[in-house]
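J.: Here it is: the structure, laid out below.
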Amino acid sequence: MFRIGQGYDAHRFKEGDHIVLCGVKIPFGRGFAAHSDGDVALHALCDALLGAAALGDIGRHFPDTDARYKGIDSRVLLREVRQRIASLGYTVGNVDVTVVAQAPRLAAHIQAMRENLAQDLEIPPDCVNVKATTTEGMGFEGRGEGISAHAVALLARR
């Protein structure tokens with residue numbers, strides 16, 4: 001049996017000197033306003049995985065009202081989601097993440113992002129895709145107010 005999930009997340013910018021996407025620290029003139037590290041790509045992916053397993057969303061499992069998750073590395077959350085899915089008898093088949101950002105340019109970081117996801121999900125790198133796009137100046141991403149991400153995940157019964 002196969003199950004498909006879709007996820008989305010967005011964070012606005014705040015003062016800072018870097019952002020984190022798929023666990024990769026990227027130098028930038030701003031940071032994310034968030035309870036955790038603000039990794040929108042991993043948050044969208046967690047939602048896609050949880051959705052595929054009919055387990056709700058990231059906020060249900062890791063609420064921003066819980067001090068344990070203040071500033072947490074979102075890779076920790078992703079690994080926990082993978083473990084919860086595995087406990088239900090599912091493996092991750094493949095994932096596809098799209099980051100929507102006017103800036104910074106992400107091409108130089110995509111391979112490291114893919115490697116992090118493959119490692120954390122315990123799947124081959126050729127089962128992981130990460131891509132970036134802009135909105136050509138439209139919307140909150142285009143105005144430089146923040147970044148969003150979309151993710152799709154396929155689960156297979158072991």
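A Cβ is built for glycine as well, from the same backbone N, Cα and C atoms used for every other residue.
Marked as 4-CDP-2-C-methyl-D-erythritol 2-phosphate binding site by Swiss-Prot on the basis of sequence analysis: 9-11, 35-36, 57-59, 62-66, 133-136, Phe140, Arg143. Marked as divalent metal cation binding site by Swiss-Prot on the basis of sequence analysis: Asp9, His11, His43. Residues annotated as site 'Transition state stabilizer' in Swiss-Prot: His35, Thr134.
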J.: Give the residue from the binding-site residues Asp9, Asp66 that has the most other Cβ atoms within 10 Å of its Cβ, counting over every protein chain displayed.
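T.: Most Cβ neighbours within 10 Å: Asp9.
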J.: Could you measure between His35 (4-CDP-2-C-methyl-D-erythritol 2-phosphate binding site) and His11 (divalent metal cation binding site) for me? Cα positions, answer in whole angstrom.
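T.: A Cα-Cα distance of 10 Å.
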J.: Compute the centroid of the Cβ atoms of Asp9, His11, His43, then list the same-chain residues not in that set whose Cβ lies within 8 Å of it, in sequence order, for the divalent metal cation site.
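T.: Other same-chain residues near the divalent metal cation site: Ala10, Phe32, Ala34, Gly38, Asp39, Val40, Ala41, Leu42, Ala44, Ser148, Ala149.
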J.: Around Arg143 (4-CDP-2-C-methyl-D-erythritol 2-phosphate binding site), how many other CB atoms lie within 10 A of its CB?
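T.: Here the count is 11.
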J.: Quick check for the class: what is the C-alpha distance, in angstrom and rounded, between Arg143 (4-CDP-2-C-methyl-D-erythritol 2-phosphate binding site) and His11 (divalent metal cation binding site)?
T.: 13
J.: 10 Å Cβ neighbour count around Ile58 (4-CDP-2-C-methyl-D-erythritol 2-phosphate binding site)?
T.: 27
J.: Run through the Cβ atoms and count how many others sit within 10 Å of the one on His43 (divalent metal cation binding site).
T.: 27
